[in-house]
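Reviewing the structure listed below.
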């Protein structure tokens, strides 16, 4: 016999459907098959299984299926899943009327968690109904781009209805649903602009609500948890807190808000407030926020109990006096808005004052005050924070004015960051002009710093950001001819200066370009002069720690940074003796900076926006990839989050890159308190635009256990190979001789919110 080998002709790789994955692949030879499934929320269109045909030309018996986000559908008996707007993540179509029904077993409730939500505000609306159609209750009606809070049913059935108009469309939504057994009422939440007392949610428990000053409770203050058969619900419904249109206000103090605040006030409103305080007192108004449409929307203030009283003034735009005082114990406020444009509105605080007392002059920005008495003859003294100087008279006195009313004898002073000056003492702060606001271009500022004679100057920039061509020069001495210690421009937050050799330094700030920036915050201190056997004292890096306090020759000082920061510079420095000169450190003190991205493999860690706690820079593009051991998951806790709404965003993907399922795209201040992965990897992408920045974010992550797939049954007359059941693990099966395997020889533990195998265990028959 003679034989020869040859390559079998295969079918071409069929690919993988977008938003889907390959469940099983027997190879691409004749008679073998490949099967597919879709990501949560998508429906498979086409054949789930492709078979490679026999014959001279290899081809698949069916085209590759597609995974589509459908318009509506019915879901029954699923413990969890996902609802997607049609076509997600591409924009949805116009003129849609999509209805999804989710039905769980009796005695269960359904929770909805919004992962992504972007629809045309007002016009493209998602409505969520609780219970069967004949007695359903509208749980929520949402549109726009603000991520809604979680929604919980009280029945075992919810209906979602999505209607779009004929014009603009947006990305749509992704909603995760989960089913749980009802044993208590859902958390009723805390109303916006309000608070509550009581946390128990068992049948018969009560919770009491109240609103913040200026807001009125809509609904009952007290609600009770009621159980009827397997259904738990609050009765009556939880209340809300709204800013009312007018009212009668009495008492020693209070708050007046434009209707609907903090949302823009509605058009076509006529709101009247009557204020009454104790008979021997007058009313003082202090405006904290004021913005009305110029020329069309007005706030009229009358010195009395009605609109026939003398008019104090009619106010619009942002032009409003700092304070207003009545001549009696009554004031009348009338707000009128026209039928079109609306602005942010107003926040006004009122207090009652004794007839012979001054207004509260208020606090001072970048400073503090001593004194709280407002009677005739009382004094209040203002003090500035380090780095600021007082403009005006620091102490003001309440005196009787020429019109017979008590007034302060001097205007309230201001604390400003000056352009230059002389600074003395053992420590202090130097700020760029106008700090923390942007400095003004076209100026040169000289700052002279002098510490006691037996010391030298050590300094560090707690914040540093200048525009292009704006320079800071630091000289080791009293004038510009002294040795140059450093010349800086751009971004150098956290950077330390080389140690001065004298007790004086000069900082020259030249702002000559057209653009401006926030400037600098420089902190200095006096440190002992060095000797032949002793190096200078070493400060701790900002956002870090110094390890060691021995500064003698031969000593080594180490440094480490706080969580979320990375060390820039040497991890350790050594005090060396130098022939013919003083002992010196072999390197400068390092700085601790927030990196723009990175690969994180520790079991827990911290992620900060670059520059944190200072605002992040513009035009950032940062990527963090978190990887923990296989079989574990990742939970992110949001400590703080503030970015420019809609323009600076943090995207979180449930996997190792940006092709994984997006858990959400977050901007502004709207972000869930916790984010959870379904595998051992998360991918975070933060980007900022070219203009406005914000405070940024502080995230903490930790490793958490992921539930495993249930142990698969071993078929009778067969065996199982594989003992790991975490995500992506594969278990294989074989039959004993004489038995044929019915089903799939390999099954895989699937990712997702619920652990399950992609196929049931096979049989041996």
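Each Cβ is built from the backbone N, Cα and C atoms, and glycine gets one as well.
Positions annotated as domain 'Sushi' by TrEMBL: 9-69 (among others).
Summarising the annotation, TrEMBL assigns domain 'CUB' to 71-180 (among others). Helix, strand and coil residue tallies for the domain 'CUB' (71-180), in that order: 3 helix, 57 strand, 50 coil [DSSP].
Under the heading disulfide bond, TrEMBL lists 71-98. Residue 98 (disulfide bond) is surrounded by 19 other CB atoms, counting those within 10 A of its CB over all protein chains shown.
Marked as domain 'Sushi' by TrEMBL: 183-243 (among others).
Summarising the annotation, TrEMBL assigns domain 'CUB' to 245-353 (among others). If you take every residue in the domain 'CUB' (245-353) and average the pLDDT, you get 91.
Here TrEMBL flags 356-417 (among others) as domain 'Sushi'.
The domain 'CUB' feature in TrEMBL is assigned to 419-527 (among others).
Here TrEMBL flags 533-594 (among others) as domain 'Sushi'.
For the domain 'CUB' (596-704), residue counts in helix, strand and coil come to 0 helix, 55 strand, 54 coil, using DSSP. According to TrEMBL, the feature domain 'CUB' maps to 596-704 (among others).
Across the domain 'Sushi' (707-765), DSSP classifies residues as 0 helix, 19 strand, 40 coil. TrEMBL lists 707-765 (among others) with the feature domain 'Sushi'.
Taking the Cβ of residue 71 (disulfide bond) as reference, residues of its chain lying under 8 Å away and at least six apart in sequence are, in sequence order, 86, 96, 98, 162.
With pairs at least 6 apart in sequence, the domain 'Sushi' (707-765) and the domain 'Sushi' (533-594) have fewer than 3 Cβ pairs within the 8 Å limit; the two do not touch. At the 8 Å Cβ threshold, with sequence separation of at least 6, the domain 'Sushi' (9-69) comes into contact with the domain 'Sushi' (707-765) through 3 or more pairs. The residues of the domain 'CUB' (245-353), classed with DSSP into helix (H, G, I), strand (E, B) and coil, number 0 helix, 60 strand, 49 coil. Between the domain 'CUB' (71-180) and the stretches 356-417, 419-527, 707-765, the greatest number of Cβ pairs separated by less than 8 Å involves 707-765. Across the domain 'Sushi' (533-594), DSSP assigns 0 helix, 25 strand, 37 coil. Applying DSSP to the domain 'Sushi' (183-243) sorts its residues as follows: 0 helix, 28 strand, 33 coil.
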